[in-house]
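J.: Structure provided below as structure tokens; questions to follow.
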């Protein structure tokens, strides 16, 4: 009952290659059925996101078979994934899944979205009946591990992107961030990320000012903000408790004078200004004004660097949790293997006994002496039951296989007097 994991991710493959190997929602059901039809595969789950595509399987299946299937399904050249994939089995595969779900293998260490994506992959596989008892238990335990990692370590805490760091700073400065009015200058990717993070924090009043009104309108529609032209800046600044600027301008857009005027109109209610642009959008002299608090991307970067160090330490703590849970699952899996072996051995023994008993009863019915029949029955049964152990003993002796000899010796060794006393 081997667990296997094969895939590619942001560490091993380019965006272009990851896009070619990703499974769309429309492809997923057929892909799951196709994987299940591979020789040796008993259960399967496919995790496919923008940063990774991974196959998790239970069964006796080779990495080459899985790799060949993945390459063929997406109609890639036979060696397209040769140097870009990874393949784990057993404990390594279990540890990898738990690390992925906990955010330890993500592009941004500790990001929480991956857990939801793994859950969706598991649910999709359940709907296709490609999850059985083993993967069911593995994924449920993985979800518990990810929750424990999130609750007991700081791996998902502290900002590690400039956009999120800006919002985190605003949250610490403004106790009621939800009631603050925020002005975003610029309508690029960074400004949009800031807007998304603000929305997640409950901010409802967001203004977007951009040189081209159309682009401001497009972004405002996506994030639920109001769009303005940059020419309206002097009217917008007094309304803003928080200003976040991120444009591609080569010259400052916001000067000391404009903030001074805005503060007067605000009756000197404080303003937080965060300049994410390089070169700067906001004049450095703004810091000379009372009630104006200016932070630059360099200020945020030092916070981010410290937070990354904190997350890396938390990741090491998380790995301890994952290793413990991997061992627990693997021990359970091994116990199933031994139970299955015992069941097979008993079934085999009973089959042999039943065959000999059937012959013995037939001979007795034919009038043969029961004592002689039973003696032959006993002799034949012993021969059949000892044939394989005898062959193993001979082979072990010839090859000086001390381990096998010791194991076989335990089959008929009497318990020591010391051990029997302790019972």
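Cβ atoms here come from the backbone N, Cα and C positions, even for glycine.
Relevant sequence annotations retrieved from Swiss-Prot are reproduced here:
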type	residues	note
BINDING	49, 50, 51, 52, 106, 111, 112, 113, 117	substrate binding site
ACT_SITE	50	active site, nucleophile
SITE	96	site 'Important for activity'
BINDING	186, 187, 188, 189, 190, 191	NADP(+) binding site
J.: Between residue 96 (site 'Important for activity') and residue 49 (substrate binding site), how far is it from one CA atom to the other, in Å?
T.: 16
J.: Between residue 49 (substrate binding site) and residue 188 (NADP(+) binding site), what C-alpha distance do you get in Å?
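T.: Residue 49 (substrate binding site) to residue 188 (NADP(+) binding site), Cα-Cα distance: 24 Å.
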J.: About how far apart, in whole Å, are the alpha carbons (Cα) of residue 112 (substrate binding site) and residue 187 (NADP(+) binding site)?
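T.: Pair distance, Cα basis, whole Å: 26 Å.
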J.: Counting all other Cβ atoms within 10 Å across every protein chain shown, which of the binding-site residues 112, 186, 188 scores highest?
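T.: Highest number of other Cβ atoms within 10 Å: 186.
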J.: Compare the C-alpha of residue 117 (substrate binding site) with the C-alpha of each of the recorded positions 50, 186, 187, 191, and give the closest one.
T.: 50
J.: Which one of these recorded positions has the most other Cβ atoms within 10 Å of its own Cβ: 50, 51, 187, 191?
T.: 187
J.: Tell me, how many other CB atoms lie within 10 A of the CB of residue 117 (substrate binding site), whichever protein chain they belong to?
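T.: So the number of other Cβ atoms within 10 Å of residue 117 (substrate binding site) is 17.
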J.: For residue 190 (NADP(+) binding site), which residues of its chain lie six or more apart in sequence with Cβ-Cβ distance below 8 Å?
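T.: Expected: 162, 163, 246, 276.
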J.: How big is the Cα-to-Cα gap, in Å, between residue 106 (substrate binding site) and residue 186 (NADP(+) binding site)?
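T.: Spelling it out, the Cα of residue 106 (substrate binding site) and the Cα of residue 186 (NADP(+) binding site) are 29 Å apart.
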